[in-house]
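The structure appears right after this line, and notes come after that.
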Amino acid sequence: MSKWNRDSWRDYNILQQPHYPDKNELKNAEDKLKSLPPLVFAGEVRNLKDELKNVTLGKSFLLQGGDCAESFSNFSANGIRDMFKIMLQMAIVLTFAGGCPVVKVGRVAGQFAKPRSSDFEDIDGVKLPSYRGDIINGFDFTEEARIPDPKRMIDAYYQSASTLNLLRAFSRGGLANLNEVHRWNLGFIKKAELDNKFEKLADELTGALKFMEACGVTTQNTPTLSETKLYTSHEALLLPYEEALTRVDSLTNEWYDCSAHMLWIGERTRGINDAHVHFLSGIKNPIGCKIGPDGKPGDIISLAGKLNPDNEPGRLNIIIRMGADKIEDRLPAILNDVKKEGLNILWSIDPMHGNTIKASSGFKTREFNNVMREVKSFFEIHRACGTIAGGVHLEMTGQDVTECVGGAFNVTEDSLGNRYETQCDPRLNADQALELAFLIADLVKKR
């Protein structure tokens, strides 16, 4: 095979790609993207990798979360603000209770493409191409909407640029004020019937903030109390888009995928000799890889050899997604075998994908208790194996949706239809996500 270049993935077997009917339109869209500015910069990517190094070594914790799939129709400043707020609220809880810095990475500003189990969808005898995310085709079940359109990549780029612009403004414009974020959390605790220890935790944080203020450390004179960093990430699925936004850094002469700070490969596209692994092996961004219940220790060892040959801490994140009923049987052998190899791997848990069920009402959903059960097992298994539970990877929203059942506010199967808004998989709502953060904080402290 050819030496690595940003287009050398085209020589490899590739899965989960759309079939564009007009190759000239595809070429025009790719050329347009190549002429546009990068969405993120290589220096920012290097900063994230440095922070993820500390996560890999157990000095920090990774909080990665956001939409299952971003959409063009639901794009709004309020939606971005609400996601930013809930990430901050969760991070404050994890930082204070867990006693370590939290690296915040959003599934945002690029999470448009989705892998599908079938190329086609059949409804009432009508067979059409599957919906693969707004960057590829439309959600409406019509022949016209489902035709893959390469111009959608340009739309996705501009929406990502707008999202990044707003996130950067929020990060420095006062929305990240520590006192304000704490007030939001107090409001949540007041309305939720949570364990007394969470109230105690909130009281301790209130006391700490008052003590800092008494010592003269305030949001006015200490920028770190009113500013934050939120990095971006998405699944690197649509390779023509990723290729077009991959650029050579002028300082290091190395390739960076400038569509996001961090990229990951899904369970369906992690074939060691396939195009996605080849493409990501040549860029310098931090890389994640999803591993499901059928994953073997050898899969991870091979992926580490291909994606992180220098064994650099902060480069490779293995995201476990096995399901609450399977993780205890499958994960220990993986951790023990990989540990023997001395590999620097950031281990995180995706407790969403392995716990998807179909409700009696027909809605796809996830039970909050099963999500939490898998997270708890993940931490306990790492503790038993002497390895580091490094982070959590969540599909969630800052909105008050009803897509996952359970939690302190008890979303039921009967109430799923009230605000079931996802275009793909069910997400934790803002209250469920924050409740999960309070529960995880205790596990971080004990790891």
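From the backbone N, Cα and C atoms, a Cβ is placed for every residue, glycine too.
The annotation in TrEMBL ties C68, H353, D425 to Mn(2+), and of the candidates under consideration, E30, E380, E395, the one tied to the same site is E395.
Excluding C68, H353, E395, D425, which define the Mn(2+) site, the same chain contributes M352, T356, C424, P426, R427 within 8 Å (Cβ to the Cβ centroid), listed in sequence order. In this structure the alpha carbons, written CA, of D425 (Mn(2+) binding site) and R107 (phosphoenolpyruvate binding site) are 14 Å apart. For the binding-site residues R107, E267, R268, K290, a Cα to Cα distance of within 10 angstroms from E395 (Mn(2+) binding site) holds for R107. Note: the Cα of C68 (Mn(2+) binding site) and the Cα of R107 (phosphoenolpyruvate binding site) are spaced 8 Å from each other. Around R268 (phosphoenolpyruvate binding site), the same-chain residues at least 6 positions away in sequence with a Cβ under 8 Å from its Cβ are L15, Q16, P115.
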